[in-house]
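Participant: Structure incoming, see below.
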Amino acid sequence: MGWSQDLFRALWRSLSREVKEHVGTDQFGNKYYYIPQYKNWRGQTIREKRIVEAANKKEVDYEAGDIPTEWEAWIRRTRKTPPTMEEILKNEKHREEIKIKSQDFYEKEKLLSKETSEELLPPPVQTQIKGHASAPYFGKEEPSVAPSSTGKTFQPGSWMPRDGKSHNQ
């Protein structure tokens, strides 16, 4: 089936006046082609095309990063001229340098944050736990002057006698 499809494509290209120019190859072996604008046999104007023939023919084997960023920009028409191999290698080297610098920065930041967090945090304080969180009340209840109400239970405030001195005045 594969060779018959290729034969049909070759026959169709010869009839449709579609000319495929080889523009370049990347370090992974992918080949890039440019097909200029042309008129087909019905007189329709077919706009230019930019095509990549992947080194691994199966779409299943494709992984992100198999096509360099510069070539991808050329295929998507965000870049007018195809990239050179020197440019791709220079940009790859630049990306590696940035990756190394960011890793160094991350390590320094980690050390600084560890030092400052040790300086800023107070030592842990021993807390005394009274009762249990699920208990409705725990510990010694002190009588309060103010009445308290929680749902259906009402607790009137307790009576506290005044000092004798303030009562006589």
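Quick reminder: no glycine exception, Cβ is built from N, Cα and C everywhere.
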Participant: With Swiss-Prot open, pick whichever of Ser14, Ser134 is annotated phosphoserine.
Facilitator: Ser134
Participant: Could you break down the residues of the compositional bias 'Polar residues' (146-156) into DSSP helix, strand and coil, giving a count for each?
Facilitator: 0 helix, 6 strand, 5 coil
